[in-house]
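Asker: Grabbed the feature section from Swiss-Prot, which reads as follows:
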{"type": "ACT_SITE", "residues": "Lys270", "note": "active site, proton donor"}
{"type": "BINDING", "residues": "Thr22, Ile23, Pro43, Lys44", "note": "NAD(+) binding site"}
{"type": "BINDING", "residues": "Pro225, Gly301, Gly302, Asp303, Ile306, Thr331, Ala332, Met383, Gly412", "note": "S-adenosyl-L-methionine binding site"}
{"type": "REGION", "residues": "1-203", "note": "region 'Precorrin-2 dehydrogenase /sirohydrochlorin ferrochelatase'"}
{"type": "REGION", "residues": "216-458", "note": "region 'Uroporphyrinogen-III C-methyltransferase'"}
Amino acid sequence: MDYLPLFFDLKAKPCLIVGGGTIATRKARLLHKAGAKLHVVAPKVSEELEKLVAASNGKVFKQEYDQTFLDDVILVISATDIDAVNSVVAADCHAIKLPVNVVDSPALCSVIMPAIIDRSPLIIGVTSGGEAPVLARRVRSMLESSIPAAYGQLAQLASKFRQRAKDVFENGDLRRRFWENILNGPIAEKVLGGNLAAAEQLIEAQLDSASVEKTGEVYLVGAGPGDPDLLTFKALRLMQQAEVVLYDRLVSEPILEMTRRDAERIYVGKKRAEHAVPQQKINQMLLELAQQGKRVLRLKGGDPFIFGRGGEEIDLLAEHKIPFQVVPGITAASGCASYSGIPLTHRDYSQSVRFITGHLQEGKENFRWSEFVDKQQTLVFYMGLAGLETICSKLIEYGKSPSTPAALIERGTLPEQRVHVSDLAGLAAKIEGLDVHAPTLLIIGDVVRCHEKLNWYK
């Protein structure tokens, strides 16, 4: 280990910045955020930097640096663009063992500034020891995207109840279990969702009952159309903390691999004319697993509230007062259309869009076909592969032009994506014998004309 990470308490402590430009200002923002009293020495000082110094009750010296400015400060940052000045500042600090950071010159530093993830009071520093600062910033960016912004509030909540938890749970093991349940369960999710009052009430109730019983919860998460990069941050976070995963056929393997390695996986997939697990049984499984105190992930392709029967699955949970969350996913219409270069609405072609289930009940159609013939409307049929011929012929029968452009998108957003473009009269014949497999999405309307020009995902 080249450096030992330490955290510096700078509240009301005098710190010196040598330099007055953009880099010096950037460093001053960090020190000011940490509560430092800022002193700046430089012939020219930016307006923002002067304001930061004034806000910290420090002083600005518009002159050249000399060693006397090191008196009574506890940290020095040299941020000039003159190498000779930076070298002198570093040498002066080393001589009196005063911590110094010289920007972009690790060899001159006695301390280095990490890339920072600030979720105060939770603070994370990432450094490459000055060897690869761009890489350190890249790692910081990855952490920023995976650590919810409200983690700071969660840490503050834990601090607020820390002493009381010690008083209630004198046994260290019980106290640890209590905090594990708090920080990994529904109470933490209340905080992350912005409901601090409800979180405090739940903690109060557990402390009043001196209970460490684990509370179950269900996460109804939309996995999107297939590409793992289309997952939301919240979806990924819940996927990685669930202990049991119930998933269906439309969840792609790369997305399934992003769940916890040790999570129990239960396949409840559905195919046309075949239900691996009946819907009512799925609902009951979610309830029973949550009642066992488990964190349960119901992972569904697309969006759970668009042809996903998500409302049915959480209805039983609500009746039994089981905590649950619903995380929307990018629905197939949005994802597949975007990856096919087909805008669902377009100033020249379509002023509205309609989502329709293409899953014909027992092979029969019960739609109001006359509502679908408007030329300025885009039609999107989900699960329409088996009923494709019926859908196309019925639209033509009720007045839709046989030459209306139509596209059948197969395995949209995935590397195997194929887009079959024709018109209402010819699409069914075009895909005959092509070994097309679900999941598919059918888009009908003049917006399909954009595919040839805008198709970027090839």
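Glycine is no exception: its Cβ is also placed from the backbone N, Cα and C atoms.
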Asker: Suppose the NAD(+) site is Thr22, Ile23, Pro43, Lys44. Which further residues of the same chain have a Cβ inside 8 angstroms of that site's Cβ centroid?
Answerer: Gly19, Gly20, Gly21, Ala24, Thr25, Ala42, Val45, Ser46, Leu49, Ala79, Thr80, Asp81
Asker: If you measure from the CA of Gly412 (S-adenosyl-L-methionine binding site) out to 10 Å, which binding-site residues from the list Thr22, Ile23, Pro43, Lys44 are inside that radius?
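Answerer: Checking each Cα against Gly412 (S-adenosyl-L-methionine binding site), there are no hits.
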Asker: Can you tell which of the binding-site residues (Pro43, Pro225, Gly302) has the fewest other C-beta atoms within 10 angstroms of its C-beta?
Answerer: Pro43
Asker: Rounded to the nearest angstrom, how far is the Cα of Gly302 (S-adenosyl-L-methionine binding site) from the Cα of Ile23 (NAD(+) binding site)?
Answerer: 45
Asker: Which of the binding-site residues Thr22, Pro43, Lys44 has its Cα nearest to the Cα of Ala332 (S-adenosyl-L-methionine binding site)?
Answerer: Thr22
Asker: Sort out the sequence-distant neighbours of Thr22 (NAD(+) binding site) for me: same chain, 6+ apart, CB within less than 8 Å of its CB, listed by position.
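Answerer: Once residues fewer than 6 apart are set aside, Thr22 (NAD(+) binding site) is near Ser46.
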Asker: Within 10 Å of the Cβ of Ile306 (S-adenosyl-L-methionine binding site), how many other Cβ atoms can be counted across all chains shown?
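Answerer: Cβ-Cβ neighbours of Ile306 (S-adenosyl-L-methionine binding site) within 10 Å number 18.
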Asker: If you run the three-state DSSP split on Ile23 (NAD(+) binding site), which class comes out?
Answerer: helix
Asker: Taking the region 'Precorrin-2 dehydrogenase /sirohydrochlorin ferrochelatase' (1-203) alone, what is its mean pLDDT?
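Answerer: Over the region 'Precorrin-2 dehydrogenase /sirohydrochlorin ferrochelatase' (1-203), the predicted model scores a mean pLDDT of 93.
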Asker: Between Lys44 (NAD(+) binding site) and Ile306 (S-adenosyl-L-methionine binding site), how far is it from one CA atom to the other, in Å?
Answerer: 59
Asker: An 8 Å radius from the center of the Pro225, Gly301, Gly302, Asp303, Ile306, Thr331, Ala332, Met383, Gly412 Cβ atoms defines the neighbourhood of the S-adenosyl-L-methionine site; name the other residues of that chain inside it, in order.
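Answerer: Result: Gly224, Leu250, Phe307, Gly308, Gly329, Ile330, Ala333, Gly335, Cys336, Tyr382, Pro439, Leu441.
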